[in-house]
Amino acid sequence: ENSNLHTISPEMPAMFDGMKLAAVATVLYIIVRCLNLKSPTAPPDLTYQDTALNRFLLKSCSQMTKEYVPPLLWGKSGHLQTALYGKLGRVSSPHPCGIRKYLPMHDGATATFDLFEPLGDHQTGDEITMVICPGIGNHSEKHYIRTFVDYAQKEGYRCAVLNHLGALPNIELTSPRMFTYGCTWEFASMVGYIKRTYPKTQLIVVGFSLGGNIVCKFLGESRANQERVLCCVSVCQGYSALRAQETFLQWDQFRRFYNFLMADNMKKIILSHRHSLFGESSPKKFDADLSRLYTATSLMQIDDNIMRKFHGYSSLKEYYEKETPVDVPLLLVNSADDPLVHDSLLAIPRTLAAKKPNVIFALTLHGGHLGFFEGDVLFPQPLTWMDKVIVGYANAMCQWEKQKPPCQSAHLTGSSCFEAKA
């Protein structure tokens, strides 16, 4: 019996060691897969027509042609980039000093935006204002906006940042309406104020996420909206709101879960203004509206039951879709691992950039949704690739305009600027 015990016991530790090794290997495999550690780094994939302007922009804005290198340990996971942006916004976020402006609207609403003056001269010596539209339910106090504004101010730009109607917790609504996907009224009001107050300023339009949809829609609504606009930059927009909402009901990339979180955040904003939004309706309708809101588990349900009715739209299709042409130089930026923007939606900007000479589409391998953190191994830098590429593109556009090439203005589409060169 003893000899049997002696022959078995040395094999037991070996078996446990083997199990431990297998467990460690499994954990490492999961980490490598989840963190996407084997994924390469690369420059953005660019779609554009070969024109004099586009060649100049790509030569002048090095971020668009250089490798984007995210932090090694976690930066190749779109989910972690998105979560870090969502929870922290940015690291070491600055506190730019601005003045809050209040604009009365025709329907009794009060739009607000924050105005930040430049902290130095622009490299061209010109007066340039960035008009900025943040993402869904966001405002000028969000960390990613503060970081971008501080950087733009230091580069000589005045910045005007829209606070989406109802998004600021300490500002009461003055009418039964809050921000919605399809509405450009508040952004138009801010841009109008800037044009009137600074008659010599030229504009650079910037939109983040949902804000990208709004600024592109605003520019396309009339030719007058494109006057004095040098260019537009849109980062991480989903392009077709109706198709984007349909993809949010799918589980791949955990989009259904993100949809639930965003719907929950939207509910909180609506409920914080419930008396302004629903207070004038009958008690029965008030209860019915709140009941529909409480039971909604997706943004689409909230939009269909509550949001579109603020503007009198009869259907979600009418609320979401109003396709409009934009003729100013347009940079569209997305990340291939953005968990909120389905891969099928990226065919829209890719096709647009291939067809229209004024559009460049830049698709990074990594970056998540509004993450785009840069860094070596673990700790990200305060400034992101996104901040640098927007300002770099804007600087290049201002230089082009200053040089006065054969065409008088970069966004006259009949001009030689947009003629493809052999």
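Cβ atoms here come from the backbone N, Cα and C positions, even for glycine.
If you look up TrEMBL, you'll see 129-376 marked as domain 'AB hydrolase-1'.
Residues annotated as active site, charge relay system in TrEMBL: Ser209 (among others). When Cβ atoms from all protein chains are considered, those within 10 Å of Ser209 (active site, charge relay system) total 22, not counting its own.
Feature annotation from TrEMBL assigns active site, charge relay system to Asp338 (among others). For Asp338 (active site, charge relay system), the number of other Cβ atoms no farther than 10 Å from its own Cβ, over all displayed protein chains, is 26.
The feature active site, charge relay system is assigned by TrEMBL to His369 (among others). Of all Cβ atoms in the shown protein chains, 26 besides its own fall within 10 Å of the Cβ of His369 (active site, charge relay system).
A distance of 5 Å separates the Cα atom of Asp338 (active site, charge relay system) from that of His369 (active site, charge relay system). Here the CA atom of His369 (active site, charge relay system) lies 8 Å from the CA atom of Ser209 (active site, charge relay system).
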